[in-house]
Structures are given as structure tokens and as C-alpha cells.
Amino acid sequence: MTVLNLSFAGAGFLGIYHVGAVEAFVRHGPKLLGSLSACAGASAGALVAAVLVTAPDKLEMSKEFLSGLADNVRRRQFRGVIPGHNLMVSLGECMEELLPSEAHRLANDRLHISITDLKSGKNHLVSRFASREELMTALLASCYLPVYAGMKPVEFRGQKWIDGGFTDNLPILPVGRTITVSPFAGLQDVCPVHRGRFDTQFRLANMSTMLSMDNVKRLHQSLFPPSALRMQALHEEGFSDAVEFLKREAWMS
Ligand SMILES: CCCCCCCCCCCCCCCC(=O)OC/C=C(C)/C=C/C=C(C)/C=C/C1=C(C)CCCC1(C)C
């Protein structure tokens, strides 16, 4: 049987799309989830992968936390303030609530987190965690976008790290097939339909993406969350794109 993995693209607040996709997998694709060897992700994608691997029963709570964080950031945005270090503190608090005490054991070799070494600019995929704290630090490092999320890179195993999305926004694992999920229209297995006028695609941080105004808008929304109504629409889009994938590949049940 082919080894199957699932990878979630770095997406900032568009992580709500991933939550919708995972809900579809839980509801309609238990066979697929049961066949997975590992999950991977960058930034918000790594957070969703962590919830799927260690606390799949906390999906609804993740959605509520994400909406709450988006409300906070939106309010600051109106005053012209970027999230800064507060975002890292809030993400830490959410993970503290979501991840079970044995999360690091559940995540060992089953969760691959994309992070970027600040000094060398090289990508690392972390998949072994000595403690729950170490797992949470790797997840925070994966989300740390300099300046936007404060001025202090995350220290992990004695080195400084920044957002994995800079160097690998959609990790593909070396063994087997990696099913890819992205809220940006592109060539991924689960992604929005490309509706742009041009059929030009490009590779950015290891991820193929279509050149379109819609993707430019989505990039902005990944950092500056759109209205609650639009967030709900993105969640539904993730759900229905994942259902389409399950039907296409005969995983639907
Ligand atoms: C010509 C240009 C075309 C444009 C094309 C677009 C290309 C796409 C390239 C990829 C961009 C990736 C954007 C990622 C932005 C980023 O990394 O921002 C920093 C990280 C942020 C803002 C992370 C936020 C994370 C959140 C809100 C996580 C929330 C949660 C989950 C997702 C699950 C668990 C619960 C919790 C912690 C609330």
C-alpha cells in the first residue's frame, strides 16, 4: 500500500480554509485519515496539522479560537496597528489549550513542521519532540513572521528560527505521496479553483501558485483577516474543495 501523507500550506488567517478541509476529511474521509502516515505544514498549516495529529476532537475549538484571534487582529488593524508580539503570545495560549499533555509523543514522526534557520536561511523539517514545550516552540517558530509578529525570532534548540513559509511553504515528505492543501489557487490536491484571466503559474517557497488578483487578495487576507462573513465563506470553501477531492479520488464515504 502507498504511504500517504497530508500537508497544509502556510496560510496565516486563511488557516480557516484548512480547518474547513480537515472537517470534511473527518466527516467524509475517515478511510483516508486512517491511511495517513504523517502530516506536515508550515506556519498556520503546521498548527492545523498539529491539531489533526494530536487533538482531532478539538477542531471546533480551533475554529472558535481562530475566529477570536481574527477579531482581535481586525480591531487593531482599524487603529493601524500590526499584531506584533501579541500574536505570538495569543498563538501560544491557544496551543496551551488545544494540545493534550502527551502531544509531543503523538507528534513524534507523525508531524513535520517547516521552520527557517535565521542564520543560514535554510529550511528544516522538525519531526521529533522531546517535550510538549519543544513541540509548541517549533510551532511558534513556524509562524514567526519578522516585524509583523514582533522583533524577537523564536529560539529553539539554541538557534533562532523564523516562519517556515519563507523556505518551504508546503512540505512534501520524502516517502510516498503527500496530499497537499492550500487556500491559494494553484496545483495542489485541495485548493480553490483558479478564476483568473491568465494561466500563469509560478513557484514561491516550494509551492506552485497561480498568478491572479484573487491570490494577491488572499495573500493580504492571510495577514489581515477579512470580515467574519468572509472567514466563514473561506471555511466552507475549504470544506467543499476537500469533499471534491475525496469524490475525485474515491475516498468518499
Ligand atoms: C504576485 C503575487 C501573487 C500572490 C500569490 C500568493 C502566494 C502564496 C504564498 C504563500 C503565502 C503564505 C502566507 C502566510 C503568511 C504568514 O506566514 O503569516 C505569518 C503567520 C501567521 C499570521 C499565522 C497565523 C496563525 C493563526 C491565526 C493560527 C490559528 C490557529 C490554527 C490555524 C489552528 C489551531 C488553532 C489556532 C492556533 C487558533
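Glycine is treated like the rest: Cβ placed from N, Cα and C.
Small disclaimer: the values here were computed from a predicted structure and weren't measured.
Under the heading domain 'PNPLA', TrEMBL lists 6-176. This prediction places the mean pLDDT of the domain 'PNPLA' (6-176) at 97.
According to TrEMBL, the motif 'GXGXXG' annotation covers 10-15.
If you look at the transmembrane segment (34-55), the same-chain residues 6 or more away from its ends with a CB under 8 A from one of its CBs are 1, 3-15, 18-19, 22, 62, 91, 95, 98-100, 102-103, 106-107, 109-114, 125, 127, 135, 138-139, 142-143, 145, 163-165, 168-173, 175-176, 178, 181, 205, 222. The transmembrane segment annotation in TrEMBL covers 34-55.
Annotation comment: TrEMBL describes 41-45 as motif 'GXSXG'.
The annotation active site, nucleophile is assigned in TrEMBL to S43. Long-range Cβ proximity for S43 (active site, nucleophile), meaning a same-chain Cβ under 8 A and a gap of 6 or more residues, is found for G10, A11, G12, S114, S142, C143, L145, D163, G164, G165, N169.
DSSP assigns D163 (active site, proton acceptor) to a strand. What TrEMBL records for D163 is active site, proton acceptor.
In the structure as shown, the Cβ atom of D163 (active site, proton acceptor) sits within 10 Å of 26 other Cβ atoms.
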